[in-house]
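Worksheet for the structure shown next.
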Amino acid sequence: MKIEQLRKALRLYLVMGSPNCGGADPYAVLEAAIAGGITMFQFREKGAGALQGAAKFELGARLRRLCAQHAIPFIVNDDEGLALELEADGIHIGQEDASAAAVRQRLKNMIVGVSAHDLGEAQSALAEGADYLGVGPQYATRTKLDAREVQGPAVIQRIRAGGIRLPLVGIGGIDATNACHVIRAGADGVAVVSAIASAHSPREAAAELLRNIK
Ligand SMILES: Cc1ncc(COP(=O)(O)OP(=O)(O)O)c(N)n1
Ligand SMILES: Cc1nc(C(=O)O)sc1CCOP(=O)(O)O
Ligand SMILES: [Mg+2]
């Protein structure tokens, strides 16, 4: 995917697995979120009650097919093996996961997203071949228990001021009320979990987010 296409795809990035859907069917949540206008999806089956083994694979495969039907890039969180099995468009890895350089080397044709928390990590990720950065937490989040300290959109301004032009999304505690600040700080898009996956109407939640970042 070309860099400008990736920037557009990152505009409204849903990150989700079954534990984030409040008992609703993740397939139905993703279907509604796509109808509401999400532009990219990450399968992150993580946390209390997360599916394992064959059940995780089967859900991933169904969500992967749904994304393909709607031309939504499908990214797998953390797990290179699963990304290959599902023929994902990409993988997202963090600072505590496999090295970005090694993943880039092994998954030559996939989009590689890397989490960065400051300019130094952003520079390293760029040097190691990352295609985009996920920068957080922007605001307080209850979704990721091991998230770092809240940084606010200023961290994105610092990364941009340091000369990083790589496609970049903010993540962590982002909703329709604060997403515009993340974009104004220099992000190409926002990545959200609960603001869409736990919403009463994931379709309307996605549409409202999109309106507020346009
Ligand atoms: C788009 C995006 N940005 C950041 C993350 C966080 O990745 P990581 O730090 O590896 O944490 P886990 O998600 O693996 O718990 C992400 N998943 N997506
Ligand atoms: C998956 C993830 N990564 C983060 C980071 O800071 O890198 S915060 C986070 C969880 C985001 O969930 P919500 O939109 O519900 O706050
Ligand atoms: Mg990770």
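Yeah, the Cβs are placed from backbone N, Cα and C, and that goes for glycine too.
In TrEMBL, annotation is done automatically, which means it is predicted and not curated.
Residues or ranges marked as 4-amino-2-methyl-5-(diphosphooxymethyl)pyrimidine binding site by TrEMBL: Q42, F43, R44, E45, K46, N77, S115, K144. In the shown protein chains, 17 other C-beta atoms lie within 10 A of the C-beta of K46 (4-amino-2-methyl-5-(diphosphooxymethyl)pyrimidine binding site).
What TrEMBL records for D78, D97 is Mg(2+) binding site. In sequence order, D78 are the residues near D97 (Mg(2+) binding site), counting only same-chain partners six or more apart with C-beta under 8 A.
Over the domain 'Thiamine phosphate synthase/TenI' (12-196) the predicted model carries a mean pLDDT of 98. The domain 'Thiamine phosphate synthase/TenI' annotation in TrEMBL covers 12-196.
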Where R44 (4-amino-2-methyl-5-(diphosphooxymethyl)pyrimidine binding site) sits in the secondary structure, as DSSP reduces it to three classes:
coil
Would you mind listing, in sequence order, the residues at least six apart from K144 (4-amino-2-methyl-5-(diphosphooxymethyl)pyrimidine binding site) in the same chain with a Cβ closer than 8 Å to its Cβ?
P137, G172
